[in-house]
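Chemist: Straight from TrEMBL, here's the annotation block:
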TRANSMEM  A:35-53  transmembrane segment
TRANSMEM  A:111-129  transmembrane segment
TRANSMEM  A:141-161  transmembrane segment
TRANSMEM  A:181-200  transmembrane segment
TRANSMEM  A:220-241  transmembrane segment
TRANSMEM  A:338-357  transmembrane segment
TRANSMEM  A:363-383  transmembrane segment
TRANSMEM  A:390-407  transmembrane segment
TRANSMEM  A:443-464  transmembrane segment
TRANSMEM  A:491-512  transmembrane segment
TRANSMEM  A:533-557  transmembrane segment
Amino acid sequence: MITIDSINNWFVQNFGEVTLEQAKSWFIYNPDEKLLFNTGLFLGLFLVFYFVYGFLRKTFYLRLTYVILFSLFFYYKSSGIYFLLLLLSSVVDYGLSQIIYNTAKDSTKKVYLVISVILNLGLLGYFKYMNFMIVTYNDMFSGHFALHNVFLPVGISFYTFQSMSYIIEIYREEIKPTKNYIEYLFFVSFFPQLVAGPIVRAKDFLPQIYQKLNLTKQDVNNALFLIIGGLIKKTVISNYISINFVDRVFDTPMNYTSFENLMASYGYAIQIYCDFSGYSDMAIGIALLLGFKLPANFRTPYKSVSITDFWRRWHISLSTWLKDFLYISIGGNREGSFAGFLFPSLFFFGLLLWGITNINTSFIPLTIAIGSIVVFCLSFLLSKKKNQTLVTNFNLFTTMLLGGLWHGAGAQFIVWGALHGLALAVHKIFMELFPSKKEGPSWLWRFFSILITFHFVVFCWIFFRARDFETALQVINNIGQLTFEPENWKAIVLGYKNVFLLMLFGYVWHFLPEVITDKMKFVFDRTPLLLKAVILGFVYWIVYATAVAGSQPFIYFQF
Amino acid sequence: MNTKPYFFQSFAIVALAFIAFIGFKQVLPNKIFSDSKIDSKNVLIDSMLLESVANDSLSLESDSIAEAEQQEAQKEIVFENTEGIEFPSETFENYKGYQYLVSFYEKLYQLEKNPQSKVRIAYYGDSMTDGDLIVQDVRTNYQERFGGNGVGFVSITSESAASRGSVKSVYSKNWKTQSYLNVKRPTSPFGVNGHVFFANDKTNPTWVQYEAGTNKYATTLDNPVLFYGKAAKRGNVNFIIGKDTLKKNLVPSNLVNSLKVTSGSIKAFKANFVHADSIPIYGFNFDNGSGVHVDNFSQRGNSGLPISMFDADVMRGFNNSLKYDLVVLHYGTNVLNYGTKNYYWYEKGMKKAVNKIRESFPGVSILIVSTADKSTKYDLEMKTDSAVVPLMKAQKRYALESESGFVNLYTLMGGDGSMVKWVDETPARANKDYTHFNQRGAKAIGKLLYDQLNKGYEEYKILREKRDVVSRQQRAARKANTDSIAVKNDSVYE
């Protein structure tokens, strides 16, 4: 017979005793335990939230308010008191957007637009770049400004960009503003994409608010498929290989062999893809469960045949944002602008300075500096339409530099952006000089294009991942000393068996032909409801079992 | 296509999945990745450690350990007077053992009075001190205060040579290396660094090249001296300094021989070994002849136990020219991962190692540095590994019993859960393996270590002052009382 006691016992056995203290901690901000989609707490909270949401599906403002409250709570769990910042910036942005919409005169509109851009970027600049700027200033002019103790509110880079897209689109008269603040706040604070993207564009999202909320079986299938994939990518592949291998090598690259450094670079490439795209997929899936369609953010980027192709497949919501609002704003491929010339010039000037100051120890920095300037200049001098290519390349380079900086405050991110900017320019001139044939490239050509693009991207990731510039150079130097020693490689692979298996799994999954992934999706769509639940439950278990797996003890190889 | 609302089915799937998860959790094993034993000849593992773990059959009931430990913690340790110096008594809990560093402190005191004299420290460690981490910071701290230039003794090759910034060394790949870590019977005895190297490639040149690093007080290579051992046949070595080549003979007649490369300070040089196949080569010493010098003898994977294999005669040979005043033994990281919390076997083994040090370097002070904090995942959380505290206590026990000083690195860095903090804080001070410090952390540890040692030294100076005042008074009293015949001088040295 089932009694209350027996239920209680079962519960305690499976979940442990839940104390009042614990229950409280579920609702209070804890900087060490962020509310990520892959945590048990999120699952629990979401279940309760989702149950009520189903009943509210036919209401409008009640439902919006309900989601806003949950979103604010979600943000509070990640950033504590800074959820007020989100509220404040949304009030200001909403106010400015109303003014811009209701103003007739173009010049006045522009003034308000500039104010709002400055406010948004200023906010982002203070929280994200203040200390970086102080450190850079102190280093360059041996200043002694104290660092600010700034907390970086989670997702600030994402939601400021999202608010800016709303205002700029209103300014460009691409969308009409929302009818009231509630609708606007719903758009800005929508929790699935709030902290890590995708950066949803107002013109894609706002129309969905006003549609009758509907959720079809196909939507749910798509959502579950995305969530399952995302969970595996993020919590199994990415987390495990980073903590047990990649982080260690990048912490002290010189303590590891060349082969380990090389594998850690490949490892990081699949780790960052799985981490980022996995989280995006979960966000898109969860939004879909709520009846909202967010745009895809990644399309198997390492299958790209060129660097231009890569940026159409990697973090799509960011690259289109940058294209529409930064690249086009500074002139695009039409005209040059002060900003478009300023940043690349500053960058190349800095590069030259770096080369000259290091001339006493090595000629390599200066060679690199002059070499990259020559390459960049050749990329438009060789073109038939010199002037147009010149402005395009400068604007593109600016976009990539600032895009690099968006990822984090540090010189290595700028270098990362610059490398990609340079590669884009080189690819463009290459395409102009050697136009591809109409009948499409051969199989072999395609293979080498993918191989080269992939390795260039991995090379750039080294700068992205390394703690500082020096560490990045150590990794590259170390890989440069690689010799062919299959016996030793085997020993290393066996030593890190689990890590390498997961890496292999990640890459095989990534490079699977679309036919096969489509087939898997097709089969998944047709499994009965109960089986889907079991599959999802099994994935929960995998996530759990990986999370409790102890870290692998360190190994030192000796050859 | 079915366009009926699907909210409740959707909810049902997520909810049912949750129930399925509970089911899986009960049925399936707890861990998805096997913690497989790594079995490879290429992995650095301390062979003596493996033997000791295998032989370890002694295990007490845990209750009796807990009880004994509680009594032990409060046990009062009273020191015996050395040279008229007696440090105040301590509890086992807070044991530091400054008393046993008195001879080292006296040498520091002499150095402070006469800057031309010198003090030498041998710092033995494991991967924690790889790449001169921690040790270079201890060295800089000492040289800052007491003077001295140079990085001390540097081995010919080392797995961590590439990561060392305090001196850069590059070497040919054809050196034959034997390490006390995994070789029981070396062709020739191990050097003070625990290694022995042979240049026995007859076709290709065997060489090593050193270049000064950028650390403070180590921007030049001062008075480089080569150390090599005994062999039947002579050999040659060519030192290349800039454009000059110095040809020298290796005369391997004694257990330990030294050969001066050049006098004064240089930036870099290369040593080419010719016909030196049977001669055991150990390494080079770089010091300016005065002040404090600290030798880093780190070896990845070392538990410390292999020190007991040292050949005391050879070590005395090294000591004749290097003259050590303090030996630091910083181990523990590599004995944490064997699933045991009873470290009696390790205590026993390390006492042998300490005895070997005493035999090898007569009169030297010894300092034991305990394991640092290390974290392991328990369920979903990283916490201090349950073996850390038992190991630290065992280390304290053999420090006390072997009359050595003790630095409790675990409490010094913050005690329980501190490694998690060091890893997670920004900027991080330890690596993601939750075991090793990074540059920043190592610097902090080096400072903590130096500060504790220095605190002992300051106390020593006060005690010494008191002693001298007392003895002056006694002498004055003696002079006044001229009737008495010469009193046998007690052991007061001034």
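The count begins at 1 with the first shown residue.
Cβ coordinates are placed from backbone N, Cα and C, and glycine is handled just like the others.
Could you tell me the structural context for the features on the list?
Modeler: Same-chain residues lying 6+ beyond the ends of the transmembrane segment (A:111-129) with a Cβ under 8 Å from its Cβ atoms: 85, 89, 92-93, 96-97, 99-100, 103, 150-153, 156-157, 160, 163-164, 167-168, 171, 405, 409.
Within the chain, the transmembrane segment (A:181-200) has long-range Cβ neighbours (under 8 A, six or more residues past its boundaries) at 61, 64-65, 67-68, 70-72, 74-75, 78, 86-87, 90-91, 93-94, 97, 154-155, 158-159, 161-163, 165-166, 206, 209, 276, 279-280, 283-284, 286-287, 290, 292, 294-297, 315-318, 321.
Proximity of distant same-chain residues to the transmembrane segment (A:338-357), defined by a Cβ-Cβ separation under 8 Å and at least 6 residues beyond the stretch ends, is recorded for 330-331, 365-370, 372-373, 376, 391, 394-395, 397-398, 401-402, 414, 418, 421.
Note on the transmembrane segment (A:363-383): residues 344, 348, 351-352, 354-356, 389-390, 392-393, 397, 418, 422, 425-426, 428-429, 432-433 of its chain, located 6 or more positions outside it, place their CB under 8 angstroms from a CB of the stretch.
If one looks beyond the transmembrane segment (A:390-407) by at least 6 residues along the same chain, the residues whose Cβ comes under 8 Å of a Cβ in the stretch are 129, 157, 318-319, 322-323, 326-327, 330-337, 339-344, 347, 376, 379-380, 413-418, 420-422, 424-425, 428, 464.
Within its own chain, the transmembrane segment (A:443-464) is flanked in space by residues 265-266, 268-269, 272, 301-307, 309-310, 407, 412-413, 415-416, 419-420, 423, 472, 475-476, which lie at least six positions past its ends and keep a Cβ under 8 Å from the stretch.
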Chemist: Any residues 6+ beyond the ends of the transmembrane segment (A:141-161) with a Cβ under 8 Å from its own?
Modeler: 34, 75, 78-79, 82, 85-86, 89, 120-121, 123-124, 126-128, 130-131, 134-135, 188-189, 193-197, 199, 318, 321, 406
Chemist: If we skip the immediate neighbours and take only residues 6+ beyond the ends of the transmembrane segment (A:491-512), which ones have a Cβ under 8 Å from one of its Cβ atoms?
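Modeler: For the transmembrane segment (A:491-512), the far contacts come to 233, 236-237, 240-241, 244-245, 257, 259-260, 263, 266-267, 270, 273-274, 300, 302-303, 552, 555, 557, 559.
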Chemist: Six or more residues out from either end of the transmembrane segment (A:220-241), which same-chain residues have a Cβ under 8 Å from its Cβ atoms?
Modeler: 37-38, 267, 270-275, 277-282, 284-286, 288-289, 498-499, 502-503, 505-506, 521, 524-525, 532, 535-536, 539-540, 542-543, 546-547, 549
